[in-house]
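Engineer: Handing you a structure now.
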C-alpha cells in the first residue's frame with residue numbers, strides 16, 4: 001500500500017534556490033526519417049511536465065524536423081557522441097520513433113550498455129522494446145530500467161522471456177515478466193495500467209480518454225523520464241526533504257505517477273475535443289493534469 005503523498009515527495013519544489021538543470025535533464029534516443037513526431041512528443045511532454053533540459057539524438061534524416069541529430073555513420077561514432085553527453089543527463093529515454101534500421105538498433109544497444117555503466121535510469125519504449133525482445137540481456141537485472149509495452153509489445157516480451165501469457169487484470173503477468181527480467185520495472189499499458197518490479201504491483205485505473213491515437217505512448221515516455229529525473233535529484237538531495245523514500249522504490253513511484261498524469265491528460269483532452277482529439281491536445285493538458293495531481297487527496301492510496 002503506497003500513498004500519493006510519497007509520489008509527490010519526488011517532485012522538486014519551485015524555488016529560486018534551484019539552478020537550471022536540477023529539475024531534470026532528459027536524453028531521448030529515437031527518431032528517424034519516417035518517424036520524427038515520436039521523439040518530439042516525448043521531449044515536449046518531458047518539458048511540459050517540468051524538466052529543465054532535453055536532448056534528442058536521432059538519425060540525420062530526422063534532424064531538420066527535430067533540431068538535433070547524430071553525425072557520423074558508424075556504431076562507434078554514434079555511441080561515442082551520445083555517451084559523451086551522459087554526464088549532463090539524469091535519464092535516458094530510448095525508442096520513440098527509433099525505427100528498425102540495423103545501424104540505429106546496433107548503436108542503441110551499445111548506448112544502453114554505456115548508460116548502464118553510468119548507472120542511469122533508462123525508459124524503453126516502442127522500437128526500443130523490439131530491441132529488447134531480440135536481446136533481453138541488454139537490460140536483464142538492471143533495476144533502473146523501466147519498460148512501457150502496449151498489449152502487443154507485452155505479449156512479445158513474454159514470448160521472448162518464455163513467460164506463458166494469460167489474460168489477467170491483477171498484475172500477475174506484469175509481475176512474472178518483471179521477475180523473468182530480473183526486477184526491471186514493467187508498465188503494462190491497457191484499460192488499467194499495471195506497474196510491477198517483480199515484488200510489488202501498483203495499478204492505475206484513473207479515467208483516461210476514449211480515443212487511442214498514436215503518440216500517447218511517447219507522451220508517457222517523456223513524462224516518465226521527467227519523474228525519474230526528479231527521483232535522481234531526490235536521491236542527490238538537491239532540495240531538503242525527509243529522505244524517507246528508498247532508491248529502489250523510485251522507479252515504481254515514478255511510473256505510477258507518470259501513468260496517472262498521462263491518463264488525466266487524456267481525459268481532459270477528450271472531454272474538450274471528443275473524437276477530434278489529437279496527441280497535441282493531450283500535450284497541452286499536461287500542465288493542468290499535473291496541477292490536479294498535486295491537489296488531490298494527499299492520503300490517497302495507489303495500490
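Each residue, glycine too, has its Cβ placed from N, Cα and C.
Dumping what TrEMBL says about this protein:
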- 3-293: domain 'YjeF C-terminal' (DOMAIN)
- 97, 150, 151, 152, 153, 154, 155, 156, 218: (6S)-NADPHX binding site (BINDING)
- 189-193, 208-217: ATP binding site (BINDING)
Engineer: Which one of these binding-site residues has the most other Cβ atoms within 10 Å of its own Cβ: 97, 209, 215, 217?
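Structural biologist: By the 10 Å Cβ neighbour count, 97 comes out on top.
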Engineer: Among 97, 150, 151, 152, 153, 154, 155, 156, 218, which the record lists as binding (6S)-NADPHX, how far apart in Å are the two most distant Cα atoms?
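Structural biologist: Binding-site diameter by Cα atoms for (6S)-NADPHX: 20 Å.
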Engineer: Counting across all protein chains present, how many other Cβ atoms fall within 10 Å of the Cβ of residue 218 ((6S)-NADPHX binding site)?
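Structural biologist: The Cβ of residue 218 ((6S)-NADPHX binding site) has 30 Cβ neighbours within 10 Å.
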Engineer: Check the Cα distances from residue 189 (ATP binding site) to each of the binding-site residues 97, 151, 155, 218 and keep only the ones within 10 Å.
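Structural biologist: Qualifying among 97, 151, 155, 218: 151.
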Engineer: By CA distance, which of the binding-site residues (97, 151, 153, 155, 218) lies nearest to residue 193 (ATP binding site)?
Structural biologist: 151
Engineer: For the C-alpha pair, I'd like the distance in angstrom between residue 155 ((6S)-NADPHX binding site) and residue 191 (ATP binding site), rounded off.
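Structural biologist: So the alpha carbons of residue 155 ((6S)-NADPHX binding site) and residue 191 (ATP binding site) sit roughly 16 Å from each other.
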Engineer: In the predicted model, what is the mean pLDDT computed over the domain 'YjeF C-terminal' (3-293)?
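Structural biologist: Mean per-residue confidence for the domain 'YjeF C-terminal' (3-293): 92 out of 100.
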Engineer: Tell me which residues of the chain lie with their Cβ under 8 angstroms from that of residue 151 ((6S)-NADPHX binding site), as long as they are six or more apart in sequence?
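Structural biologist: Listed in sequence order, they are 189, 190.
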